[in-house]
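Structure first, then comments.
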Amino acid sequence: IPSGGSGGGSFRWVDGSEVDSESPPWSFGDGGYQPVRRRLVKKPKRVDSLDVEAMEISGSHDHHNKDASIWTTLAMSFQTLGVVYGDMGTSPLYVFSDVFSKIPITSQVDVLGTLSIVLYTIALIPLTKYVFVVLKANDNGEGGTFALYSLISRYAKVNLLPNRQQADEYISSYKLKLPTPELERALSIKELLEHNPVAKKLLLLLVLMGTSMIIGDGILTPAISVMSAVSGLEGRIQGFGTDALVITSIVILLLLFSIQKFGTNKVGFSFAPALALWFFSLGSIGLYNLVKYDVSVVKAINPAYIYFFFKKHGMKGWSALGGCVLCITGAEAMFADLGHFSVPAIQIAFSGLVFPCLLLAYMGQAAYLVKHPSSVETIFYDSVPSTLFWPVFVIATLAAVIASQAMISASFSCVKQSMALGCFPRMKVIHTSKKQMGQIYIPVINYFLMAMCIIVVAVFRSTNEIASAYGIAEVGVMMVSTTLVTLVMLLIWQSNLFLALCFPLVFGSIELLYLSAVLSKIAEGGWLPLAFASFFLCVMYTWNYGSVLKYQSEVREKISMDLLLELGPSLGTVRVPGIGLLYNELVHGIPSVLGQFLLELPAIHSIVVFVCIKYVPVPVVPQEERFLFRRVCPKEYHLFRCIARYGYKDVRKEDHSVFERLLVESLERFLRREAQDMALERGGGLGLGLDLEASLLENEGGGGDDPGLEYELCGLREASDRGFTYLLGDGNVRAKKSSVFVKKLVINYFYAFLRRNCRGGAATMRVPHMNILRVGMTYMV
């Protein structure tokens, strides 16, 4: 707000809580003024200006309330079965059959060694690493690689888009605890990340790689889970061969992907009973087999059998590790799906039900194999008592579909988070629930996953082949998590250095060992997830690279304040009643697209608002803290900036009429607060009495006697009655002629292709075409 209403001097952000973007709240450069300011100004109820969103969804911000009662937590633990544990729960369908397809069973050591590896893998990775450590590294209750990246972004400025403002740190969900000066280690890591562009890019590439692998999982999980469940029919129905298996699997997959648009996360929640039944079946059948065939396999708890196994098989045993790693597929879902639940709920479900049932299932299968080593190919269904085959087959198929659902949902969430953080082209996102803000459906991704799944099943035709591919995606995601959590330990938790280094040394070395084993299967199908991950990594990095260059170009070409002051309040053209919403990405300065509109149009609107939609590295921005308003230029110019801040989980549903009404209401509030500020400044601080407070309240209610405010409010109402126009710059990004060939190829062809085919910005959605004005812009980068 320019002091005295003239000049382009010091500006103040006002968002209802009086947060200044350049200095801490309540700091106005006049020491004795602060307590009076706090005492006198009555806070009005804040109303969103541009929020047209899911904050209408009831409880959208309280789903992270972790102070739940024990019964609520237990109910939530039950629900996690339907969403989180489906993938890990279906692993007993294919783990032993994959391991023993590489090495034949010739003695008890083979079975006990494999069982020992499986038991210790489950105990170390999902139980110790995820349940006790990784789950604690959540971002205000959100999990996954992007949540970890966003957490790190708040403590160190690693985001390649330089649009961070100090005002963002006052969002309540930011919860920033800066490293203490005593801890030089945390500060030196922070400095390295902030000032080393290579470190920033490596961190981003690591996160993108983890995300790409999760999307790869979204392709392979449905394929392997459904095929493994249906394979039970091969020995039961005469003539049911490989062709029938492939066709049946494809039909189930087609059905699974075609119901995504109905919001099958709801189905995931309602399927918790089916998964509970599945885990009960696994545990009870495992216990039955253990007692009936060979209870002595519990000896596998002795890790010496792992040594005997490798001593006997050498390199072949190392290759078989690629099958053992399949017992922890879906462990990453415990962290990635944390947003729907709470840390205690996931911990209780795993420790109390999933872990013991899986141990019993694997021990039961091992006991059966000791007596029937020839049953290795169909071990799961062979070990089921014949009277229970059909019920177990139905539950297994249901469990496989639910497991697939969890990974498809995780892929949608990852893509949405990537879009929010500027790493994925904009796509149509459909919100499938009015109650749960995280439940989304992305048609393009759904059809891509469906096509890829069907191709994988049709080409590989066997679960053992797909299993070779599956392991690489799983281990890749886990290694990314280990690296990022280590960074969180050092930078944010400021853990003891020995403990912080033990984490990557113990878990990183186990994962590296598994990675070396699964990489040996590249020729057998391991190339597939690497190809998927490389494709998505290229798309994501190209989009991020192009977007950063475009933003830097906009910053370079912004219009100087002096030029606008020279043009005068008319901006060198005719001002006609109406409100122009000029969309741009700048958080400071005047976008060059305004100059283009002034040149191309015969007139400009009487009120122009520069709208910037910005994503900040938090899951959710509370509705009342979403918007920052600022006046640009002196009062008579009627130019404003509005920054709408969203978290990466926030839902946005565009409806231009609601949008416009909220904008006007918010702008009115801004103008009233501005008048109050100026009245306080004129009042001279401590000498103010009750008369001023009364006049402020009157001013807040109806404008009081301030003629300037009344005049501006009348102008705003008249402009809004005349209607809104959305002013959009169609930015064409081109590499400079002097650029290297690779940069020209990436920007002029790949990035240009993505921009042409992605969804338009938020402003174009549901806005009548007659209300949109576009102007062409070319950014040379």
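Yeah, the Cβs are placed from backbone N, Cα and C, and that goes for glycine too.
Looking at 117-137, 348-368, the stretch flagged in TrEMBL as transmembrane segment turns out to be 348-368.
Counting C-beta pairs under 8 angstroms (sequence separation of 6 or more), the transmembrane segment (440-460) fails to reach the transmembrane segment (269-291), with fewer than 3 such pairs. At the 8 Å Cβ cutoff, the transmembrane segment (348-368) and the transmembrane segment (202-225) share fewer than 3 close pairs (sequence separation 6 or more) and do not count as touching. By the Cβ criterion (under 8 Å, sequence separation of 6 or more), the transmembrane segment (202-225) is in contact with the transmembrane segment (525-543), since 3+ such pairs are found. In the predicted model, residues of the domain 'K+ potassium transporter C-terminal' (577-779) average a pLDDT of 78.
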